[in-house]
Amino acid sequence: MNTQNSYLASKPHYEILDGLRGVAAVMVVAFHLLEAHSGGNHLEQIINHGYLAVDFFFMLSGFVIGYAYDDRWSRMSIGTFFKRRIIRLHPMVIVGSIVGAVFFYFQESPCFPAIQDTSAGTMLLVMLLGCTLLPLPLKWDIRGWTEMHPLNGPAWSLYYEYIGNILYALFIRKFSKTALSVLVVVAGCFTVHLCLTAPAGDIVGGWALNWEQQYVGLVRLMYPFFGGLLLSRLGWIVRIEKRAFWWCSLMIVAVLAFPRLGGENHYWMNGLYEACCILFVFPVIVSMGAGGKVTGKRSTAVCKFLGDISAQLQISVAYFCSIGLY
């Protein structure tokens, strides 16, 4: 077992991809901070497409899963895979649920109307359930925001990442490159359809336990996650000798900060932009990040710092942004 664990931990990290995850997480923080002052009007939102960071996270995760585990299944059981993924992901879930409980009553506002009627006992029970990441039905939505993880709102993205990991381990790891390509193409078609037909002209959603929101969440997961896996398997990497991290960072910031398109009369224009970002731009950024090298001490330190804080920002940003802002 020690030999196996040593082998499983032996692969080097993609430092640039770690850093890019942090850049996207910082953009999510900026998105939520500015969202609090937009009055819920997506047309006036600054850092307008910050929510697409979730789709970028899924693609990063799919790529890294393929790189880290595709060639290890002859030495690794499904149980070992799930154990490693739980160790990697679940501490964020538990910490996020506890942080959400600590700050729960500080968030009382018109945006979260159910807080004032929620007893401490109910809140603590929801905290314990939240530590499992199991989705909760609407009757347990103690903030009144239709969330399946009401004490840990951002955990919905980790919920879908778990689904992606489960699908990979049980089924999709066995797919040939051709079969995986077909799956990604089909998932891409669903992504385009959702982007172009969404009522608000964006791909926002996935955090509630109902058919509509679960559909949105699964569509958001499937193409990026398994598209990232396909990139890893095909070895599609763009080699950049200098400043790869900075070029990739500039691209992801530009994509997430880009103004909303089409206004109230042409929602499809914004949907088309989001579909193009998810289907084409994000794979290019991931390929560039995987093919680039970090050479300078400053770039190395920045990538490490951003990679280290990315998980904490992902799972806790909503609470710190909501206190005193909503």
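Cβ coordinates are placed from backbone N, Cα and C, and glycine is handled just like the others.
Per TrEMBL, the features are as follows:
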{"type": "DOMAIN", "residues": "16-310", "note": "domain 'Acyltransferase 3'"}
{"type": "TRANSMEM", "residues": "20-38", "note": "transmembrane segment"}
{"type": "TRANSMEM", "residues": "50-69", "note": "transmembrane segment"}
{"type": "TRANSMEM", "residues": "89-106", "note": "transmembrane segment"}
{"type": "TRANSMEM", "residues": "118-136", "note": "transmembrane segment"}
{"type": "TRANSMEM", "residues": "156-172", "note": "transmembrane segment"}
{"type": "TRANSMEM", "residues": "179-201", "note": "transmembrane segment"}
{"type": "TRANSMEM", "residues": "213-232", "note": "transmembrane segment"}
{"type": "TRANSMEM", "residues": "244-261", "note": "transmembrane segment"}
{"type": "TRANSMEM", "residues": "267-290", "note": "transmembrane segment"}
Exercise for the section: Examine the transmembrane segment (179-201) against the transmembrane segment (50-69) and state whether at least 3 Cβ pairs sit under 8 A, considering only residue pairs 6 or more apart. Expected result: no
Exercise for the section: Grab the pLDDT values for the domain 'Acyltransferase 3' (16-310) and give me their mean, rounded. Expected result: 93
